[in-house]
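Participant: Dumping the structure here so I can ask a few things about it.
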Amino acid sequence: MLFLNAKFIDLDLGENAVIVNDEDLKGTSYYPQDRVLIESHAGAVIGNIYSTKTMVKKGEVGMLVKELKEVSISEGEEVKLRHAEKPESIPFIKKKMDGQVLNPHEIRTIIDEIVSKKLSNIELSAFVSSTYINGMNMDEISEMTKRIAETGDMISWEKSLVVDIHSIGGVPGNKYALLSIPILAAAGITIPKTSSRAITSPAGTADVMEVLTNVELKEEEIKRIVKTTNGCLAWGGGVNLAPADDIIINVERPVSIDPQPQLLASVMAKKIATGIKYTVIDIPVGKGVKIKNEAEGAKLARKFIELGELLNIKVECVLTYGGQPLGRAIGPALEAREAIEALQDPKNAPKSLIEKALSLAGILLELGGAAQIGEGQKLAWEILESGRALEKFNQIITEQGGTPKKPEEIELGEYVEEIIAPIDGYITDISNTAITNVVKEAGAPRDKKAGILLNSKIGNQVKQGDILYTIYSGSEERLVSAVNLARRVYPVKVEGMLIERISKF
């Protein structure tokens, strides 16, 4: 047992941790990464030991701000460290690593210990990896989904018909929700949209919307905003909706994986938590996204529909083209600009963005009774073209605490590099993967001003020296790294009509 004085450390390690001087660990049974119980007069919290020679002095224990708040420990207060019991879920994680099926108790225990921070990031990574490699059956996924939802807040609505649109993501520039949600809300459809931050893409819906307004809303704020406007665009993590999901996402993000069991559970847990009774799931299909072909897409769609039936949620899925970025803007600020431009002047907006936003909104307009079957997309266009969607979008921004902006008022990264066409020819490929990696290298999504603006899309003719795309960053160093990466991976490929000359057999 160790008795040490608490010292505040302004650091976020993504898990509960305590930082102990090497001298205090010598001759004890405590080692780095050991799990300990930190006790004070006000309570206790579990954390993992990290050792240091300089960050804290002998006799001190560095504690992260979240831990201090959890147990109301004051700086300088003496705390007691003792070995904590191994989490109950460790053998269950090993069981899944061996490819075995988990029972409901085992799944619920894993999720509960994720939320209570009893699992370290290493242990959580092992669980995520096990589901990525070995998968889960539908009973396991259903149980995991329900438990993820139950660990957080649950929102209920007075109206019986509450709908939602959700994309599984993977497509750079996938900003359709900033058009579809205000279209639906303007038609009187109740659609409380909560989104994750980016996992595998350079910007999630919440990241883009955060450029324009506050997205960290509490339950009562969401209810008030939806009652006033019919819709919202909020970050699910701000509402304490399915908190286990956000913890899992933080482990998935560094390695850019989104295991299908977690994907299904993440999407549907948020629907349970927000009281959604009907949802349309967008499944982008194409090179460089999560789903490579229509057969895979149809298989995933059937899983969503089956899971929805087990959870009493009506699910309809649509397969959409995901072979290149949606629109021309990739990155939070650039996407926010493009969305507002599309709301202001839809006739001159990228056709891919308009078509996707209208198609998805049209389905829910028909479901909600605002349009006859087969007439939803037409009504969606009328709402968009008339300016009603822009008006509703600005109302949502205002109600969420922001101030509506003109596109040109949204700041972009001050460090800019234009990438030009090396030859005359045609754009034959735009790699989603390469675009995503370059934009992330430029700093997105954390740097909201970072991104790429495409000048041309697949099939467009270009001449040598034409600008193919522009990279933006808020950091000169990050821009240099992004440009160097772009020159290695060629996100936009230009080829002439002559592919290869062959003169010998």
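Backbone N, Cα and C atoms are what each Cβ position is placed from, and that goes for glycine too.
Under the heading active site, proton donor, Swiss-Prot lists ASP258, citing sequence analysis as support. The feature AMP binding site is assigned by Swiss-Prot to GLY170, SER196, ARG197, ALA198, ILE199, THR200, SER201, THR205, SER266, LYS290, with sequence analysis given as support.
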Participant: Take the C-alpha atoms of ILE199 (AMP binding site) and ASP258 (active site, proton donor) and report the distance between them in angstrom, rounded.
Facilitator: 8
Participant: Between SER201 (AMP binding site) and the residue listed as 'active site, proton donor', how many Å separate their Cα atoms?
Facilitator: 11
Participant: Determine the Cβ neighbour count for GLY170 (AMP binding site): the number of other Cβ atoms within 10 Å of its Cβ.
Facilitator: 22
Participant: What are the non-local neighbours of ASP258 (active site, proton donor), defined as same-chain residues 6+ apart in sequence with CB under 8 A from its CB?
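Facilitator: Listed in sequence order: GLY169, ILE199, THR200, GLU252, LYS290.
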Participant: Can you name the residues of this chain that are 6 or more positions from SER266 (AMP binding site) yet have a C-beta less than 8 Å from its C-beta?
Facilitator: ILE148, SER196, ALA242, ASP245, ILE248, ILE249
Participant: For a quick check of packing: other C-beta atoms within 10 Å of the C-beta of SER201 (AMP binding site), how many?
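Facilitator: So the Cβ neighbour count for SER201 (AMP binding site) comes to 28.
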